[in-house]
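Novice: Sharing a structure below in structure tokens format, with a few things to ask.
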Amino acid sequence: MLSELERIHLGEFPTPLHELKNLSSYLKGPRIYIKRDDLTGLALGGNKVRKLEYILADALAQKAEVIITIGAVSSNHARQTAAAAAVLGLECQLVLIGPEPEQMQGNYLLDHLLGADCYCVRNRDVETAVARLIEENHRRGKVSYVIPAGGHTPLGAIAYMQAYSEIKAQSPQDFAAVVTAVGTGTTYAGLHLGQKNNPDDTRVIGISVGGDLAWCHREILKVVNEVEEQLEWTASRPEDFNIFTDYIGEGYTIVYPRVQEVIKLLARKEGVLLDPVYTGKAMVGLIDLITKGFFRPDQNVLFLHTGGTPELFSL
Ligand SMILES: Cc1ncc(COP(=O)(O)O)c(C=O)c1O
């Protein structure tokens, strides 16, 4: 089933995978490696480019002419969708949750630069706004294709299932853990499926940036179980996941001092730029687990850099 899936070319793969030698010796813990999905290549990169290669292949197969998606005003997913739609010559409509920003900056600035039509709405008005756009597009004779926020679909997860095989092919060493931020949970879902497809001792660890444990389990299971059903695999259960919710702070997008410290640490030790919403919090989690002795010094650990660069400028 997987080999039959259409995938279009939007980004540059495989992304680099390299060791963070200075950080590893500074922490005196395991050898830390990083997978650079911040360098997927399209309009400042990020993890959504992988998902969109599968999701937009499906949109093209359905003869879509307008891509509609949803996200926060600062959404990386919205920006990458706008870029992908531009490359494919499709219209892009972004339903963004939150008040219209007073200043054009970060992803919101790039959404406009990339030619997307942006509609800022309240959370409770999202469904109505999407329905209205579909209806208006239909009246113009245009076929709409709606991508859920964050590309949270089985195809999005399959993209990260494939990324897990990419990691395996790139790295001779075994990883005790692969660590990723959990937003909508699609990336985690895909890595979990990838590990199941390449059984080894690697633990896939997710650091939630907003959702509580029950929410993360539910959202991840939704896409994991759907892919498992299509593949006729046994269904995963919440006990199969390793999700930490201790590093959220006061909530999604709310930055706390340790996140700023860790962003600075990675910049100054490795020249790697993390973002304040996702990868900064995920790295706070990884470093905390290392300092608590979660890993042995002779082990290897892989951190997935999922992107988010444009929002670093609002730090
Ligand atoms: C930079 C970045 N990292 C991580 C994530 C989380 O990925 P996922 O939604 O697949 O959990 C997102 C988006 O949600 C993101 O934009």
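Here the Cβ of each residue, glycine as well, is placed from N, Cα and C on the backbone.
In case it's useful when we look at the structure, here is the feature table from TrEMBL:
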{"type": "ACT_SITE", "residues": "Ser75", "note": "active site, nucleophile"}
{"type": "DOMAIN", "residues": "10-307", "note": "domain 'Tryptophan synthase beta chain-like PALP'"}
{"type": "MOD_RES", "residues": "Lys48", "note": "N6-(pyridoxal phosphate)lysine"}
Novice: Could you tell me the C-alpha distance between Lys48 (N6-(pyridoxal phosphate)lysine) and the residue listed as 'active site, nucleophile' in angstrom, no decimals?
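Specialist: Here the two Cα atoms lie 11 Å apart.
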Novice: Check the domain 'Tryptophan synthase beta chain-like PALP' (10-307) for me and report the mean pLDDT.
Specialist: 98
Novice: Across all chains shown, how many C-beta atoms besides its own are within 10 angstroms of the C-beta of the residue listed as 'N6-(pyridoxal phosphate)lysine'?
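Specialist: Its Cβ shell of radius 10 Å holds 34 other Cβ atoms.
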Novice: Only counting partners 6 or more residues apart, tell me which same-chain residues put their Cβ under 8 Å from the Cβ of Ser75 (active site, nucleophile).
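Specialist: Once residues fewer than 6 apart are set aside, Ser75 (active site, nucleophile) is near Leu94, Leu96, Asn107, Ala149.
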